[in-house]
Every structure is written in C-alpha cells, then in structure tokens.
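The domain 'ABC transmembrane type-1' annotation in TrEMBL covers A:64-277. Feature annotation from TrEMBL assigns transmembrane segment to A:7-32, A:64-89, A:101-131, A:151-174, A:200-218, A:258-280.
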Amino acid sequence: MGKRSILFALPAFIIYSALLIVPILLAFMLSFTSWTGYAANPIHYVGIANFIDLWKDEKFLHSIWVTLRLVLVVTLGSNALGLIFALLLNKSGKLTNVFRSVFFVPFVFSTVAVSFIWSSIISYTGVINYLLGVVGLETWQTDFIGNANHAIWSISIIEIWKTVGFNMVIYLAALQTVPAELYEACTIDGGNARNKFRHVTLPMIVPGISISVLMSVINEMKQFDLVKVITDGGPGSGTETIAYHIISQAFGYNLLGYSSAIALVLFVAVVLVSIAHLSITRRFEVES
Amino acid sequence: MKKWLSVMACSLVAFTILAGCGSNSNKNSSASPEAVSSSPATSAASEAPKADPVKIKWAIFETDNFTDALWQSIIDSFEKEYPDIQVEKVLMTGDSRPQFLKTLLAAGSLPDIMLDPAELAKIKDVLAPVPDDLLANFEDGSVPVFNNQKVLVPASKQLRSATYYNKKMFADAGITDVPKTWDEFLAACEKLKAKGITPLITAGASDVWATSFGYWVNVVNPEVEVWNANFNADLKSGAAKWNNPVITDALQKWQDLYKNGYFDKGSLSYSYSQASAEFQKGRAAMMMDGSWVAPSLDKGNLTDFGVFQQPTKDGITSYSAAFNYMAVSNSSKNKDAAFKFLKYFLVDNKDVYLSYIKADGLLSSTKEPVTYEMGPVQTQFVDSLKGLKLVDEITKLPGDNALPTGMEDFTQKSLQSILAGAPISKELDTWDDQYKKLSAATAGN
Amino acid sequence: MRAGRSTFFIRMILLVSVVLYAIPLYLSIVNIFKTTDQITLNPFAIPSSLNLDNLTYVLNNPNVHLYKMYLNTLIIAVSATLLTLLFTAMAAFYTSRSSGKLSGILHVYFIMGIMVPYAIVYIPLVIIFRDFHLIGTLHGLILVFISGNIPFAFFMYHGFMKTAPRELEESAAIDGAGQFRTFWQIIFPLLKPCTTTTAIFIGLSMWNDFLTPLLIGQVHTITLGIYTAIGPHSTNWGQMFAFVFFGTFPVVVAYLFAQKQFVSGLTAGALKG
C-alpha cells in the first residue's frame with residue numbers, strides 16, 4: 001500500500017490549528033497578563049499573579065464546589081438511568097422504539113428550549129407546586145430555584161433528563177457487542193439473570209461504560225448553558241459553575257487575563273481527569 | 001499520552017460502529033437536505049450591498065414598548081427628509097446590551113449610532129464628541145462629561161422607581177393612608193401580614209437586576225445621598241467604602257423584611273415579568289418597581305393600583321431619574337450623517353420624538369419640554385415627586401465618577417445573595433475588592 | 001409464575017419512567033394551544049379546541065424575525081457540518097492509513113481537542129476575529145463551528161476507518177487511480193454510516209448552540225433568537241411554549257428521520273452479533 005499524501009490532513013489541520021490550538025496558546029499567554037481587552041490598553045505581564053489570585057477568589061472556589069456536585073450527580077444519574085433503560089429496551093419491538101425516542105428526544109432539544117420547558121414546571125407558580133396544591137399539600141410547595149441548594153439539585157435533575165438519552169444510546173450500542181453465545185453458555189452453566197448480568201454483560205460493556213462516563217464527566221465539567229438560562233448563576237453566585245465564572249470574568253468584567261487563567265486551570269483539570277479515568281478503566285478491562 | 005488516547009479511540013469504535021454506522025442507506029442526515037438550495041456561506045456576504053447614499057448603522061433593542069415597527073417608523077420618517085442617508089438597524093442580541101456593545105467594540109465593528117452606550121463612554125476615545133449645537137437643545141445638567149469630553153446625547157429622561165401598591169389590599173388590611181415614614185411602612189407590612197396578605201414581592205431567577213432594583217433605588221440610594229452626596233467621588237479617592245454603616249444598615253433592613261416573611265416566598269424564583277404579572281394578579285400588596293410600570297398599568301386599565309414614593313429612615317427625601325443616552329461611534333466614517341439623524345429624531349421632528357418617549361412612558365429631556373397626556377397611575381407617579389430633590393444614582397452616575405465597567409452587575413449579583421441571607425458586611429467587603437480590581441482594569445492599569 | 005411477575009415489574013418500571021420522561025414533552029405540546037388562564041387552571045388538560053393564537057403571535061411578532069433566523073441557522077449548520085465531515089474524513093483517512101510517526105502525532109493532536117473547555121477559546125477567538133473582521137459574519141461562525149467539531153468527528157472517523165476493510169482501496173490503487181480520486185469515489189461513500197451518526201451529533205450541537213453565536217458571532221441564529229425574544233414572555237406560558245416549538249421542531253423532525261437509521265443501525269449490529 002502506498003503512502004497517503006499528508007495533503008489529506010491539511011484542511012482540517014489548518015482550521016483546527018488556527019481556531020482552536022492557536023486560541024489556546026493565546027489564552028495561555030494572556031493568563032500571565034492583566035489585559036482588559038481594549039486594543040488601546042497596553043498589555044502588562046503580571047507573572048503568575050492571576051494564578052495566585054485564583055485561590056483567594058471565594059467565588060471561584062465556590063464554583064469548583066458547584067461544578068463538582070453537578071459532575072457527580074449528573075454522571076451517576078445519567079449513567080445509572082441510561083444503563084437501566086438500555087437493559088430494559090435492548091430488544092426489538094414497536095413500543096421499544098417509541099420508548100427509546102421518548103428518552104432520546106430531550107437530547108435533541110437545545111438547552112434554551114429545555115430550560116424554558118422546565119422553568120414552567122419548577123417555577124414557584126409552576127406545575128409541581130400546582131400538583132401539590134391540587135392534592136392539598138400546599139405546605140410542601142417549594143422554591144426550586146430561588147434557593148441555591150435547591151437550585152443545584154434542580155439543575156442536576158434537568159441535566160439528567162436532557163442527557164440520559166445519549167448515555168442510553170451508548171449503552172444500547174455496547175450491549176449489542178455482547179455475543180449471544182456467551183449468554184447461552186451462561187444458561188447452560190446454570191446461571192440466572194443476575195449471573196448473566198454480572199459475569200457476561202458487565203465485563204463486556206466496560207468500554208461502553210468508560211466512554212459514557214467520561215463523556216458525562218467532561219461535559220459537566222464544562223457546564224455553562226443550563227446554569228446561564230435557568231438561574232444565571234443565581235441566587236447571587238450560588239449556582240455559578242467554573243465555566244460560568246470564566247465567561248463572566250471575561251465578558252462581564254473584562255478581566256481577560258484572569259479569566260484565561262481560570263480557563264487554563266479547568267483545561268488542565270479536564271485533561272488530568274480524563275487520563276486518570278482512562279487508566280482506571282483500562283485496569284478494569286484487563287482484570288475482567 | 002498516545003496510548004491512553006488510542007484506548008479512548010478504540011473504545012469508541014464499538015460505539016461508532018454499532019450506534020449508527022451499521023446502516024448504509026441514509027438519505028436524511030439531520031443537516032443535509034437543504035444544502036443544495038441554500039448555497040452556503042456565500043449568501044452571507046451579500047447581505048450588505050454597497051449603494052451610493054451614505055449608509056449608517058443604528059444599534060437598537062426591542063421590547064414590548066420599543067418594537068421593531070417603532071424604530072422603523074423613525075427611520076422612514078428620517079429617510080424621507082434626508083434621501084441621501086440610509087439608516088440600517090442592528091439588533092442588540094443577548095441579555096446584556098453593554099456586553100453586546102463591548103463585544104462589537106472588541107470586534108472593531110461598532111455601529112455608527114447606539115442606544116444605551118453609557119458603558120462605552122467610560123472608555124477613552126470610543127465615542128465621538130457631540131457637537132455643541134446639538135447638545136444646546138437639551139436640559140441643563142443633562143450632559144455628562146467624561147475625560148473633559150461630552151460624548152453622550154441625553155435622548156430622554158426616565159423616572160426611576162417607586163412603590164406600587166394594591167389599593168384594595170390596603171383597604172382590606174385597614175390601611176387608610178400610604179406610609180410616610182419607615183415605621184409606618186413596617187406597620188403597614190405587619191397589618192397586611194396579619195390579614196394573610198403577602199406585603200411585598202420581588203423578582204429573582206435569571207433577572208438578577210430585578211431583585212434589588214426597586215429597593216436599591218427606593219431606599220439604599222436616598223439614604224446614601226442624605227449621608228454623603230459625594231459618595232462616588234469619595235469612593236474613587238478612597239475616602240469612602242462600600243462597607244459603611246449606612247449601606248449595611250439599609251441592606252440589613254431589606255434582609256430582615258425577607259427573613260420576617262414580608263416578601264412572597266417565591267420571589268427569588270420569578271423572572272421579572274413573572275413577578276410583575278403575579279403582583280398585578282394580586283399575589284402581594286406592594287412591589288418596588290420602575291417608572292415604566294405606571295404607563296403599562298394605565299394601558300391595562302388596572303385601576304386597583306396606586307403608587308407612592310417609598311419612605312426611608314430619613315422619611316421621603318428625594319427621587320432619582322436617569323437619562324437614556326444615545327451616542328455616535330468615534331470610528332464612524334459618517335459622523336455628520338449620524339448626528340444629523342439624532343438631531344432630526346430628537347430635536348427637529350417633535351412628532352417622531354413624541355412617538356419615542358410615549359412608547360415607553362418616558363419624559364422629554366429637551367429644553368423645550370414635550371409632553372403628552374398621562375394615565376392616572378403615571379400622573380400619580382409624577383405628582384408624588386413634587387417638592388422632592390432630584391439626586392444622583394450611585395450605580396448609574398455617568399461621567400468621571402462613574403463606577404467602573406462591570407461593577408453594577410457585580411453589585412446586583414451580590415445583592416441577590418444578600419436577600420437570600422448572605423452576611424452583609426462580608427459581601428460588602430467583596431464590593432470594595434471588586435471595585436479596586438475593576439477600577440484598575442478600566443483605567444488600563 | 002416467577003418470570004411472569006418479574007416481567008410485569010420490569011414493564012411497570014419502564015412505563016413509569018417513560019411517563020415521567022414524557023410529561024415535560026407532553027406539557028410543552030398541549031399548552032401551545034391553550035390560553036394562559038387555561039394553563040393555570042389545569043396544565044395537564046387536553047386543549048378543548050385547537051387554539052392557534054400562541055403560534056400566530058410568534059409568527060406575527062414584529063420583534064421575531066423567524067425567517068431570517070431559520071435561514072442563518074440553516075446556512076451555518078449545513079455548511080459547517082458538511083465541511084467538518086469532509087475535512088475530518090480526509091484527515092482521518094491519512095492518520096488511519098499512514099503508519100508514520102507524523103500520523104501518530106496528528107492523531108493525538110486532533111483528539112486532544114475533545115477535552116478543551118470551550119470557554120477558554122472565546123476570548124482569543126474574539127481577538128483573532130477582530131483582526132480578520134470576522135465577527136458577526138456567517139462564514140466566521142461557520143469556521144468556528146468547524147474547528148470546534150473537528151475533534152469529535154475525527155474521533156469517530158478515525159476509529160471507524162481503523163476497522164474498515166482495505167481491499168477496495170488497494171484494488172483501486174492497483175488500478176492506478178489517484179489518491180484523491182480514490183478517496184472521493186471509493187472511501188468517502190464507504191464511510192456513509194459513520195458520516196450519518198457524526199452528522200447528527202455535530203449538526204445538532206451547531207443548531208442548538210447559543211453561546212458561540214452570542215459571544216463571537218452576534219449572529220441571529222434560531223436558538224439565540226429564541227433566547228433573546230422569550231425573556232419578556234416568561235409569564236405567558238402558552239407563548240413561551242410556542243417559541244420553544246419554533247426553536248425545536250426542525251431538529252425533532254430531523255431526528256425522527258434519522259432515528260430510523262439509528263434504530264436500524266442498532267438492529268443490524270444485533271443481527272451481526
């Protein structure tokens with residue numbers, strides 16, 4: 001087979017480098033300055049001052065906490081539900097297809113649409129409080145987004161609702177990789193449904209779990225949209241995620257250097273988490 | 001590095017092949033059906049054909065009051081008078097107009113004329129100095145100075161806020177007269193609450209500004225002005241701090257109102273328009289809100305509502321008003337045409353000007369006042385200001401003592417936290433820190 | 001007996017989850033056709049008549065430029081998706097078929113992008129775009145979308161091609177066809193299944209993105225337009241749902257078409273297995 005011309009990779013390489021890699025390098029350089037973004041202002045080099053300020057910035061520290069909660073709750077929720085739904089829907093049939101669609105359609109919606117649909121449900125005068133009123137539980141009526149603690153849970157649940165279809169599809173695909181002979185062998189050995197799941201299904205879908213969990217983790221670490229539309233980080237700064245903090249520092253306060261520093265920290269965190277995740281799952285795959 | 005990435009890639013192969021790559025006969029990929037007919041990308045560039053007349057761009061925003069049709073009628077009228085100039089609207093998208101303009105500034109593509117450009121005036125040389133013969137048409141004291149330059153045109157005047165109340169609820173609770181002192185106000189709240197009526201409502205959720213707007217303008221600002229009329233200047237010189245007894249005390253009262261259950265429980269989860277709708281539906285007896293509410297109450301013929309000036313610990317002392325500014329970009333190639341447009345729209349053609357101020361219930365800012373007939377609530381609003389002093393608004397003050405860019409947004413976020421129960425003094429300390437940080441940034445270090 | 005009971009339980013669980021999942025979808029459809037009062041009275045009720053006021057309100061709203069927003073979004077999503085697919089397929093063809101050190105480096109280089117939090121890129125992009133006068137232009141936004149979606153698309157294509165058979169292209173090479181012709185006539189059509197899945201994912205993400213057009217483009221896409229327009233209408237749920245409807249129905253329709261491919265892809269896999 002002859003050598004492939006490197007020209008094939010050229011268009012993608014140019015666009016990708018110019019608009020993704022170069023910006024990252026620029027952000028890296030900006031993070032050592034106190035630039036505010038106006039061309040007329042000179043750019044001052046401030047060393048690692050931005051990176052030191054970070055750890056004194058209570059809002060940033062709080063945003064880490066918010067983001068961690070989101071990552072944890074959504075990754076667990078979306079993957080557990082996604083796997084359960086996939087197991088239940090892993091057969092053909094008309095109704096199965098309809099059910100799959102119901103779970104997947106929310107993933108097709110834009111965050112903006114999802115946010116507005118849900119705001120009608122969780123608003124203080126919304127559907128949930130309406131239902132509580134109908135059954136006479138007025139005292140249970142809750143302020144689902146006006147309180148930071150409730151708001152993070154609300155956002156997590158909405159995000160799970162939106163993303164579960166995606167995880168389900170990955171798990172469905174992974175389940176199809178399990179050869180039917182293995183199940184037969186397990187049945188012959190006298191295994192019941194639980195044995196089948198533990199000793200056949202689970203080990204075979206480790207790659208699927210790995211990808212699905214990693215995608216959830218990475219996406220939630222970058223979470224911005226939902227928070228922006230539903231609470232705008234509020235009440236106060238109660239639900240500001242790291243990505244929200246980055247955008248507001250840059251586009252709200254014009255602290256571009258500082259914002260770039262936070263973004264860089266987030267980038268490194270995502271890379272580290274990905275490496276850690278993949279080395280863990282690889283060990284799993286080897287063991288099973 | 002490479003190894004783990006290939007692990008990642010390999011594991012996705014399974015997903016890729018099975019999830020969707022098993023099918024061969026797809027003719028409906030989600031994005032492609034229209035590809036042929038829409039000739040991508042090229043049609044974008046042809047949106048702005050070059051023509052002989054001078055073309056200027058005007059950044060506008062749209063609300064229920066300021067509609068696309070209203071702005072277009074202004075433009076049409078102007079173009080009839082000046083056929084050699086064409087005005088094109090640029091709609092400011094997103095939820096923050098200052099942010100929109102700042103993005104365009106960073107892009108080097110500011111429109112020639114802008115609504116709401118006050119944030120840009122803080123940055124040197126961004127806006128064009130306004131010719132004196134245009135400024136001469138406006139009220140005395142309406143033109144702010146930035147770095148010895150006059151770059152803003154005070155297009156109209158807006159009374160800021162007051163407390164709206166539900167007359168029927170007041171009567172039900174046995175309140176015969178609107179409160180004139182803070183104690184009377186508290187007593188009224190107590191009476192309402194005793195009757196099972198929620199006294200106050202405000203907004204929250206993603207409308208951060210709306211949570212504190214009414215209380216800040218109605219109570220905090222007047223109390224600060226009574227205490228120190230030069231607060232902004234002192235803040236700048238370092239003689240005053242945000243964390244001071246007056247602001248702390250004013251905010252403490254606010255927090256207490258919330259803690260004591262005087263505010264509707266859902267307040268922090270309503271969007272602004274939700275909160276005003278709930279108020280009009282009778283969910284609460286009072287709402288501190290902007291002057292723009294008065295004309296809309298009149299329009300809806302909602303006769304149950306009245307308005308009064310909010311008493312503070314110093315009684316009822318002052319009110320504030322803000323000018324709505326317009327400006328011309330300094331980088332515009334057609335400044336003359338742009339100023340011609342502003343002069344025509346704001347000064348020369350009274351009918352056009354009237355249609356603009358009437359749409360949003362604004363007051364004229366011209367030396368020669370332009371008036372129109374107001375409804376009962378708006379009239380009551382204007383009457384309630386008689387004998388009161390007009391004071392500056394700390395967060396809106398234009399000119400050299402203006403707050404640095406982004407500071408107002410910051411205070412509004414923090415105020416939302418405070419209402420939700422954050423410790424006040426600690427929050428105000430963050431204001432001082434942020435003020436320093438943003439001042440340094442705005443000054444270009 | 002036992003088996004019967006457990007299937008019954010499984011069916012119940014499934015049914016309850018589906019109903020819970022479908023409620024928001026149901027609400028957002030039926031309430032388009034009701035007035036606010038009717039919604040407040042009972043959000044779950046089936047509309048008594050087909051009241052189209054909310055939909056016509058959005059259509060006739062002078063502040064909503066639906067046609068222009070659809071056109072912009074369509075131009076951007078379609079051309080950016082097509083170009084991303086083409087460029088990435090080419091790049092993946094090189095990296096999956098060349099065994100040199102360079103192709104290994106390129107592989108890592110492209111895939112790395114998946115981990116980039118996009119927030120990091122916005123500020124520098126604004127700076128770059130300013131110098132090239134790309135802000136607010138459709139082609140500028142298209143370029144951004146291409147660059148942002150290359151990593152994921154590359155991830156998909158590279159994996160797919162690694163496992164794809166090579167006999168065809170080898171025989172084409174023997175025929176003496178040029179590399180680019182081989183790619184265009186033989187390889188690219190072979191990638192169709194992968195292209196479909198990838199197109200769905202990246203097309204969706206472009207259609208639904210509101211932050212990128214907001215911060216970099218200031219281009220009126222449908223999602224951004226709905227976001228801007230909906231604010232004052234959050235009190236009127238009927239109108240709000242009508243806005244949501246206009247923002248989402250094209251992608252839902254697109255999905256319902258593509259869903260067949262999705263499902264048949266899955267079943268095909270099952271049969272093979």
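Any Cβ shown, glycine's included, is placed from N, Cα and C.
All TrEMBL annotations are machine predictions without curation.
Under 8 Å from some Cβ of the transmembrane segment (A:258-280) lie the Cβ atoms of residues 24, 27-28, 30-32, 34, 50-51, 53-54, 60, 210, 213-214, 217-218, 221-222, 242-243, 245-247, 249-250, all in the same chain and six or more residues away from its ends. Looking at A:64-89, A:151-174, A:200-218, the range that has the most CB pairs within less than 8 A of the transmembrane segment (A:101-131) turns out to be A:151-174. Under 8 Å from some Cβ of the transmembrane segment (A:64-89) lie the Cβ atoms of residues 96, 99-100, 103, 152-153, 155-157, 159-160, 163-172, 174-175, 197, 201, 209, 212-213, 216-217, 220-221, 223, 238-243, all in the same chain and six or more residues away from its ends. Long-range contacts of the transmembrane segment (A:151-174) within its own chain (CB-CB distance under 8 A, at least 6 residues past either end) are made by residues 66, 69-70, 73-74, 77-79, 81-83, 85-87, 89-90, 100, 103-107, 109, 111, 114-115, 118, 122, 144-145, 204-205, 207-209, 211-212, 215-216, 219-220, 223, 226-227, 230-231, 234-235, 238-239. Within its own chain, the transmembrane segment (A:200-218) has Cβ neighbours under 8 Å at 71, 74-75, 78-79, 82-83, 87, 163, 166-167, 170-171, 173-175, 177-178, 182-183, 186, 191, 270, 273-274, 277-278, 281, 284-285, 288, counting only residues six or more beyond its boundaries.
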